[in-house]
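Asks: Structure in structure tokens, see below.
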Amino acid sequence: MALNYDYDESSETWPFFLLTILLMLLIPLTLMQCYKLIYSKSKKDTRNHEDDKYSELEALNDIDTPEEIIKFRSKYTSKSKLSCLFNWKNLFIVVGWAVVFYLVQRISNNDAIKQAAIGIFDPYDILGISSSSSDKDIKSAYRKLSIKFHPDKLSKDLSADERIVMEEKYVQITKAYEALTDETVRENYLKYGHPDGPQSTSHGIALPSFMVEGSSSPILIMFYISLLGIVLPYFVSKWWSKTQSYTRKGIHTKTASYFVDRLVNYKPSEVVTVDLIIKWLSHAEEFKQFYPSLTSKDFEELLHDHINRKSSNEKGPDRNIIKNRIVAKCHSLLLGLLDIAAGFRNTDVANVTLDTFKCIVQAIPSNPKAELLQLPNVDKEQFENGSLDDIFTIGKLFTFDDERIGKILGIKDEKLLKRTLTVASNIPHIRLLKADFVVPGETQVTPLSTPHISLKVLIRSAKHKIINTESFPESMLSEPQDFEHQRNPFSIIEEQPLIPYSYSPYFPVKRRSAWCCLIALQKDNKIIQTPAIINNLSFHNLSKSLDKREVKMAGKDIKGFIPEDWEIGTIKVPLGQPAPNQEGAVYFRIILKNTDYFGADLDFTMTMNVREYSEKDLQQMREESYNNDDEDSDVDESEEELEESDDEGSDSEYTDIDTDTEVEEDAVEDREIKNNLLFI
Amino acid sequence: MSDRLLDIFKPFEAILPEVIAPQRKVPYNQKLIWTGVSLLIFLILGQIPLYGIVSSETSDPLYWLRAMLASNRGTLMELGVSPIITSSMIFQFLQGTQLLNVKMDNKQDRDLFQIAQKVCAIILTFGQALVVVLTGNYGDPKNLGFAISLLLIFQLMFASFIVLLLDELLSKGYGLGSGISLFTASNIAEQIFWKAFAPTTINTGRGKEFEGAIIAFFHLLAVRKDKKRALFEALYRTNLPNVFQVFATIVVFFSVLYLQGFRYELPIRSTKIRGQVGVYPIKLFYTSNTPIMLQSALTSNIFLISQMLYQRFPHNPIIRLLGVWGIKPGTQGPQMALSGVSYYIQPLSSLSEMILDPIKTIIYVTFVLGSCAVFSKTWIEISGSSPKDIAKQFKDEGMVINGKRETNVYRELKRIIPTAAAFGGATIGALSVCSDLLGTLGSGASILMAATTIYGYYELAAKEGGFSKNIVPGFSDLM
């Protein structure tokens, strides 16, 4: 270790230090930004391509979107695109490269560096030859120079000073020659950089001298203090308060505590309505942060204006923009409220929260006929007063011919009617084909096992003829039973495509819908776990034409129906708790609700039959496992279906039991960590 | 007998400060803060010079251990984490060999075990501090005077105690991972970064040269007239860290990361809770970096003893057989073994040496690989991760291997674990030899250690959800 460090007096070295550090940061960052720029472009292309299949509904959505919403969207998206180009990162890159060029300029103009380079002993330079010269070249170069500079050969009329310089030069030439030819001198040169052996060494530090001079030291100290005492704590505390002030669901803690407070004080006698939920929403802290001048009363009014599709501009300037902003924010708030309601096990509030979700997304007040009102171009007055029949669902609507539908909905223009029908037939309806409690690797639900719910559903259009479970071959309803699937039974969900963009022209942001799965116990009708959200399901079936007004039945079979062309969706929901300790049946109520569309819900009962293996089962399993021991192969449990019933017509009652094979792995992973820390 | 041994430590329970385990699970962000603050305190301790030192310019006998023990010469961190490591190794050994009977499921016993470890660490700290001060590391104790010597010992003990508490804080669930591995890894990483980016310069008559390899690369290229020779020098200079070493370090680091992923996944399922299906991974690096640590501890002890004996009795044939020491001709460097057993187990310093002395190469490589494999196999017995222990653990937790009978668990584990341990030990030995040959920044063992620790942190963070963002499809900032 050196005791004394020389500071960089002539700016020889510190620019290099700064240059290297800058380049180390700039090069990866620049590459990353370039990659991102190229990648995001190509990604956009593929997305469009992928969504082509579903673009019919999306295109209609774009047509029906009001002018104002389009303006709102473009305002916020274009802003984000601009900020994509002019953000801190790019600013840093630009400034960084500018500094790099300045430094390079400075280095190349710095005489001190050139001066220092002259002082270095370089035999090739002294002899005036290139470093790849052969021995012969070296010798001839030395000869030539030594003739010129040899003390004996110098002309007499040189002054004493000049003579000394020449003699010095001759010594240098001789040294250089030796350094290249003589073994020991060469060794010395290579090792210590000088033919005479080790020179005195000096240590330096690449800090410009002005940084350590007395006059600048107070500034430096101030800089350190501000860095350690102000800047660092400021950023840490900012990051900290940010992570602390939002819950994991992304809603503000104050909003969350308000919701909790409402639920604590919730009286069972109280009727939960969409209006009540909207009232709760209007107290959200997020809204206040956006627009501190408005009160929760104003927000409530704005939300009501939204669901009644009324303009709010007469109430004040820019009210429509404010409305759109807070409506967009409702997405996170409602999901947060749903979570909190589930935590309080309150089925009613959770249910109505999801209804409110639909109301806000479709901008329709809560109404028994909402399923039809969500369609575009519907003349509300004529629809509600005109027809005598009570039509509440799209399914019922599709039992009439097109002309009649036009009359019922009050749509006169044929083009508009066609559009409305396209939307109606593209709104997903969900039909349960099979529902099981599945314990991975087991054939039945045993006490204290960890089952999950596995649902096989058919996404269909309301105009499709109803297809029964029996119409599909067994193989389409089952899943592979290998170990990988047992280990992660939920992986199969990820393989399904994302749910496409919804038809929601009045919602300020383009959105994808999702299904929320609430699980309640039948005996007390209380939710038992946080709702699962399903984002992946194929809507491929909606483009099929199996119009129930046209297809013909051939006995029990539907003409023109090929099961293999249809896609069966899988929904899997993990259960938060293990199966009960005792044998017996437990009844669950499963509520599957769409966040965006009216009429795309399921509400049914499932029975979990908990029982131990009987002697006979165990006998059979033992035999199986003996066989497996010998063959060393995976266990393929045969699926056993105990009971299945399907209620024709309505989807609301459904009972089913079954068992299968699959996982959870946390407990196991823990052990792995223990192994990692072995050394300590 | 053994129970009484633990009971000796009972009175300390009331005196020693203890970190109270968190009541609830600490959230990830909070853990991040605790870990960051602890690391900051540790790094600051490593920069504060000891008060009262006259000089610290004597030769450094512990140089080869500094990086691994996270110690910094002449600072409060003079002892680094060595007392803690030594104490926990002693107790792990005692427990593994059943010399100390601890029932880990008994809270009382567990607490006592921890206290015993702590007391042992404090005693070791005192001993080491005493040795360091009395051997004249900071100047002759006579010149220092009694008061200053005492003050030095007190400073060292105080700093070590803080580190002890920091480690306890982190490992009790406030932080991520264990404190010791964090401190060690950050110390090694710090040294590697220093060697790559050090802003200090040295002038030995060839002009100023940067110590940091990468800065030197740019500097040499810019300053020297002959760019070809400048590039060559930046890549291969021997007097200071060079760019080739930086590359070698990166290569070794990533190959460790790559090999970390090698594992045999044993499909298992729970018999207690049906439906729990998972895998029990048996890693290639089953014993992590322990074998290389033990191997380097062994060789350095042999060197130390051999060197000492040789200085005393340079003509004794048996001692000469153990090792003949001296300065290698043509270098000014440290003392090296010139012949004898020590010569053959001394790390190869360069590729040319490897080719010039093939017998040494063969013996050295065989020795390192073999000893690492043996240490690895022994370590699983000592540390309680042998097939028998794991089988018992499986049984306690109601786990069976999928498709196998319960009685077969031991047989299956016995087939895999020792093989994995031995092979993994040999692999890590081979990596260490390679990195010594390539000449990485810092010793091979320390880079392996840093890489495994960093990978461990990555896994831990991934498990705690540090990288997952809740991305909802079609989600926009407005929502």
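If you go along the chain as it appears here, the first residue is 1 and each next one adds 1.
Just so it is clear, glycine is given a Cβ too, placed from its N, Cα and C backbone atoms.
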Asks: If you look at how TrEMBL annotates this chain, which of B:74-94, B:284-304, B:305-325, B:347-367 comes out as transmembrane segment?
Replies: B:74-94
Asks: Please report, as numbers and ranges, the same-chain residues at least 6 past the borders of the transmembrane segment (B:74-94) whose CB is under 8 Å from any CB of it.
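Replies: Same-chain contacts beyond the flanks: 42, 45-50, 53, 56, 65-66, 100, 113, 116-118, 120-122, 124-125, 128-129, 132, 138, 155-156, 158-160, 163-164, 167, 180, 183-184, 187, 382-383.
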Asks: Within the same chain, where does the transmembrane segment (B:115-138) have neighbours whose Cβ lies under 8 angstroms from its own Cβ atoms, ignoring anything closer than 6 residues to its ends? I mean 6 or more beyond.
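Replies: For the transmembrane segment (B:115-138), the sequence-distant neighbours (Cβ-Cβ under 8 Å, at least 6 residues beyond its ends) are 6, 8-9, 12-13, 16, 18, 50, 52-56, 58, 74, 78-79, 82-84, 86-88, 90-91, 144, 149, 152-153, 156-157, 160-161, 164, 168.
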Asks: List, by number or range, the same-chain residues at least 6 past the transmembrane segment (B:32-54) whose CB is under 8 A from its CB atoms?
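Replies: Counting only partners 6 or more residues beyond its ends, the transmembrane segment (B:32-54) has Cβ contacts under 8 Å with 26, 70, 72, 74-78, 138-140, 143-144, 148, 151-152, 155-156, 159, 162-163, 166, 169-170, 174-177, 179, 182-183, 186-187, 190, 466.
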Asks: I'd like to know the mean pLDDT over the domain 'Translocon Sec61/SecY plug' (B:40-74).
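Replies: The answer is 74, the mean pLDDT of the model over that range.
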